[in-house]
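Student: Below is one structure. I have some questions about it.
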């Protein structure tokens, strides 16, 4: 109504030289026009108000509706015109419920600068070289190290899949022990849940009742291939194949670590047969410790880099192992550009119960 008011002021100023009667008729006429416009505009505003309220409160909506969650994709919420600005995305809601996003969320409208083509080709050649050379090292009886085994493409797919699962039901959380001590990592279980309080496996997480997501078939294929290639590259250190029904996914921040321990909570049959544990490393490098004792001063050291695969079974099935340090800023740049992975190390360990 402000533009009309300014126009009215001009009209009154323009009639200063006319008679008083003519001025009264003009004022009366303006007043009538003003009242008509006020009614029309008021009704139109009320109509818009009712329409906006109807949009905000659909007839069948409910506060607990999660219909937008399936459209989130990799944890990024859609932006709908009319939504409240402060309304959290589905990924943010999942994080509040216990999930953790291993990747930095991409900001709307942000532009990601790709590394120079020369740098991209260099990293791709390095990845292919490590993978195609078939570097397999026997660290000790029952323990095989496949250097750079996972291609950059495989690493990217693993990160993306873990991110998708990690922000959903049964996703990443910070585990702890009975006395309230928290572990220095985020954890997600696939297939079966492992409870650090009881050191036992189960079908659901005790603290929220969530059922662990299934192990993606592409992960199982990678495990099968790694064991097959391990036996081909290091025939003197052959290990039995497995059908993994457990995968523990840990994300270590740059200050993360894990003390020396044994993986001995699987079934007696699995341990007796020496069925191997298969470990994938992605992201920042880690200083890995292993040995026959819990004393870190007596442990062997091995640097695990992004794409490395470590397998231990047979006589090394109960080896003590842990992570003493994460090396910051050591992840492949191209992997970070493609996935937006947070600083830290993503580790997947597969086993058969």
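For all residues, glycine too, the Cβ spot is worked out from N, Cα and C.
Sharing the feature lines straight out of TrEMBL:
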- 261, 263, 321: Fe cation binding site (BINDING)
- 1-18: compositional bias 'Gly residues' (COMPBIAS)
- 243-353: domain 'Fe2OG dioxygenase' (DOMAIN)
- 1-25: region 'Disordered' (REGION)
- 46-74: region 'Disordered' (REGION)
- 111-135: region 'Disordered' (REGION)
Student: Identify which of the binding-site residues 261, 321 has its Cβ surrounded by the largest number of other Cβ atoms within 10 Å, counting every protein chain shown.
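Tutor: Within the set of binding-site residues, the most crowded position is 321.
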Student: Using all protein chains in view, find how many other C-beta atoms are within 10 Å of the C-beta of residue 263 (Fe cation binding site).
Tutor: 19
Student: Residues other than 261, 263, 321 within 8 Å, Cβ to Cβ centroid, of the Fe cation site?
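Tutor: Along the chain, the qualifying residues are 260, 262, 264, 319, 320, 322.
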Student: Helix, strand, coil: count each for the residues of the domain 'Fe2OG dioxygenase' (243-353), based on DSSP.
Tutor: 18 helix, 50 strand, 43 coil
Student: Do you know the mean pLDDT across the domain 'Fe2OG dioxygenase' (243-353)?
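Tutor: The predicted confidence over the domain 'Fe2OG dioxygenase' (243-353), as a mean pLDDT, is 98.
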